[in-house]
C-alpha cells in the first residue's frame, strides 16, 4: 500500500494558536484536560498510552487473558515493516483502536487502524531532517518512541526536533528545534507529556555538549523553560528548598565549583533516558549522563555535578526539588539515564513512596522520591570498581586501582561502560513486589587519553576494550533477572549469550515478555523464571514489548525486531572486526560474542495472540 507523505511545514506556530496563547487561553483550557486524560488512560489495561505503560514506569499490565497456563498457544497474528533498518528501540503506543508505530532514522511514524483486519494505515509521516545527524549519533540512529496527549502525537527526531502531529489525521501541528546537530547534539529519547507540557531531553555526551531538559507547550510548541544539568544555579534551576533534607547530596553552586575552570560548559550530563512523574507530589524524575570528556583527569577537581545524577523537578517551572549523584567524578562512562520506577514499597513496616533505579554503574538504588533520601543501594550485577555505597555519606566507596587514568590502561573493570544495564527499562510487578531487569555481563580495559574540543566532533578521550563478565571468565554476556530491590538480592536469573537489550513487560497473567539480541522473543513465569514460550524473529530485539486489547477484546503482545544500539552497532553499520576499539568498544565485544553471525539488520513490528 502506497501512502503519500505529508510535506512538513516550516518551523512556525500556527497564527491562531499563537494568538490564543497570547491571551492565555490554551494553557488554562488544556492543562487539566491533558493530564487528567493521561492519568485515566494509563489505568486502562487495554491501552498502552505511554512508552513505559504509566507515569510510574512500571511496565506492568493488568491483562491476564494470556497467562502461564496458555502462553504456549501464542502465535503470530500479524507483522508490519517500519520501512527503516537499524536499531529499533522503544515500543508502539495503542490509544483507543489506533496503534502508533515509530522507526529508527529517518523516524517514520505510522497510525494503524486496528478495527481493520489485521490493520489499515490511517496515515504516515516522515519528517524532513538534517542528514548530518547520522554522522554525530553516538550509538546508532535509534529512537525510543512517541508520546500521546490531548489528541496529539509527539515525536522527536535524530536531528533535534520536537514535533506535534494530529493523532487522527497525522497533520503537522507544530515543530520546534531543541538540539543543534552542528554541535553534536541529537535526540534519541522519547518525550513525556506532563500537564500542558511535553518534556524533551538531548543526546550527545560524547561530543562535549551541555545536557538539558526543555518543556514545550503542547498546543503552541512555545518553550516554557529550560533546565541545564550543570552550570550556574539560575541555569540549572535550583528551587529554594533544593536538597534541604540532605545537603550532603550537594547544593547551590555545585554546578560550577565541582568542575575545573569552565569545563562544565563541555560537561555532558545529557538527558537521553526515560522520564517518570508522580502526580501526587507533582515531581518528575530523570537521570543525567556521563560528564565530558571520558578522560576524568581533564575534569579533575571535584564531583562534576550534576552528571550521573537523578533529578526531581517541578514540571510547571523546571526547578529542581532534589538531586542525588550516583557516580561522583565519573571515570568509567556510567551514565545515570536509566528509568526511574516509582512504586510504593514497605520500608521498615511503613508504606513509602519510592524511586527505584538500576544504574549503569551496577548498583540498584532505592530512594524516597519525596526527598531523595537513600534507602538502599546494592549491586545487581558483578561490580568491582566500588566496594559499596556508604551508609555514612551515600557515596560509592571506590576501589582505587579501578579508577581510570590518562595514559594508563586500567584492566578488568566491571561492569563495562555499557553498564550493569543500559537504557533498556526494567519492570515492576505489584503481584510479586519484585523487579524484572534486563542486564549486561561485561567488563573492560579503559585508558584515558587527552581530548581536544571541536564543535560537532567527537570529544571522547578514552580507549575502551570490552569483553565478557567476571574479567572475561564468563561465557555469557547478559542475563534476565528477577530482583528484590530492598533486599539487594537476585531471586532467579536466566543467562543469555548476548546482553539483554529489551525492556520487559510483566502482566497479571504471571508472565514477563522480553527479547534477545539474536532475535528470540520469550515469555517466562515471573515467579520461577521458567521459559514457557519463545519465537525466533527476523532480527535481534532491542525494542520493549507491550500488551493491549484489540477491538475484538482479545489480548495481544507486540514487539519491535531490529538489531542495533550500542552493543549492536557492528551489525547495524556492518562494521569490520579490524578495530576492537571501534564503536566506543562495541565492535570488539560484539565480534567476540559472535553477534554478526547470529542476526542481521531489520525493522519489523510483530504482534502475537493466542491461537
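Glycine too: its Cβ is placed from the backbone N, Cα and C atoms.
Summarising the annotation, Swiss-Prot assigns pyrroloquinoline quinone binding site to 144, 188, 203, 204, 205, 270, 272, 360, 501, 566 and lists experimental evidence as the type of evidence. The Eu(3+) binding site annotation in Swiss-Prot covers 206, 290, 333, 335. Under the heading Ce(3+) binding site, Swiss-Prot lists 206, 290, 333, 335. Taken from Swiss-Prot, the feature disulfide bond applies to 138-139, 414-443. Feature annotation from Swiss-Prot assigns signal peptide to 1-34.
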### Query
Quick one: what's DSSP say for residue 206 (Eu(3+) binding site), helix, strand or coil?
helix
### Summary
Once DSSP output is merged into helix, strand and coil, residue 139 (disulfide bond) belongs to coil
## Note on the structure
Sequence-ordered recorded positions within 10 Å (Cα) of residue 206 (Eu(3+) binding site), taken from 138, 272, 443, are 138
### Message
On a C-alpha basis, identify the one among 139, 333, 335, 443 that is nearest to residue 501 (pyrroloquinoline quinone binding site); the candidates are the recorded positions.
### Response
139
### Task
Could you tally the C-beta atoms, other than its own, that fall within 10 angstroms of the C-beta of residue 205 (pyrroloquinoline quinone binding site)?
32
### Summary
If you rank the recorded positions 139, 272, 290, 501 by how many other Cβ atoms lie within 10 Å of their Cβ, the lowest count goes to 139
### Query
Within 10 Å of the Cβ of residue 333 (Eu(3+) binding site), how many other Cβ atoms can be counted across all chains shown?
30
### Summary
Of all C-alpha pairs drawn from the pyrroloquinoline quinone-binding set 144, 188, 203, 204, 205, 270, 272, 360, 501, 566, the farthest apart lie at a distance in Å of 20
### Query
If you count the C-beta atoms lying within 10 Å of each candidate's C-beta, which of the disulfide-bonded residues 138, 443 ends up with the smallest number?
138
### Query
Roughly how many Å separate the Cα of residue 203 (pyrroloquinoline quinone binding site) from that of residue 138 (disulfide bond), to the nearest whole number?
8
### Query
Within the chain of residue 335 (Eu(3+) binding site), which residues six or more apart in sequence place their C-beta under 8 angstroms from its C-beta?
205, 270, 273, 287, 288, 289, 290, 308, 360, 419, 422
### Query
Which whole-number value in Å describes the distance between the Cα atoms of residue 138 (disulfide bond) and residue 144 (pyrroloquinoline quinone binding site)?
15
### Query
If you take the centroid of the Cβ atoms of 206, 290, 333, 335, the listed Eu(3+) site, which other residues of that chain have their Cβ within 8 Å of it?
205, 268, 289, 291, 294, 330, 334, 417
### Message
For the C-alpha pair, I'd like the distance in angstrom between residue 144 (pyrroloquinoline quinone binding site) and residue 333 (Eu(3+) binding site), rounded off.
### Response
21
